[in-house]
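According to TrEMBL, the features are:
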DOMAIN    2-216  domain 'Alanine racemase N-terminal'
MOD_RES   25  N6-(pyridoxal phosphate)lysine
Ligand SMILES: *Cc1c(COP(=O)(O)O)cnc(C)c1O
């Protein structure tokens, strides 16, 4: 199946209001262009350097999403153009994004990453940490970031009930947060292996890589 066919297939299985982020990390720009020509405009990368290199050469109407774990010292390289940062999991990181966004006189949309999986290797906040962050004075003073919602990753397992439970948990945190912050509208959950469960549980944005571009080769 071609990239175009894969995109078409995925689009036909997710609800229309769900945004598809094509996760293009490690893939050459030719692959991204193929997806672009099939109409895809939203791409996700997990390394700042790689995203900058692709942004420089690819069409300017692409929306670039940073989906990976982000180091504070890298924010400055993408502050000019990034459309959404999914993996924000500390006030320190948010403070740096705010500072770099200000330099470019823009507001950078962000998602806070929640820890919902069993593995302790996955980054993210728990609900008390989330509430502490959003009620802090520093957070309330920030003018150059906009928290649009939450992002999370389920445990890497074949146990669908467990994945469903974790997504449902994230959805309930999302609903609670909506009551406190009016800007909340995006729930980023679901990857190649679990996006159907994620959309059934209320995802509004799925991040899909290998089911579009084929498996990644890290060698
Ligand atoms: C790589 C990655 C994805 C996409 O994974 P696939 O299984 O290839 O769809 C989604 N989200 C994050 C945070 C990723 O790093």
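Cβ atoms here come from the backbone N, Cα and C positions, even for glycine.
Confidence over the domain 'Alanine racemase N-terminal' (2-216), given as mean pLDDT on the 0 to 100 scale, stands at 97. Around the residue listed as 'N6-(pyridoxal phosphate)lysine', taking its Cβ as the centre, 18 other Cβ atoms fall within 10 Å, counting all chains.
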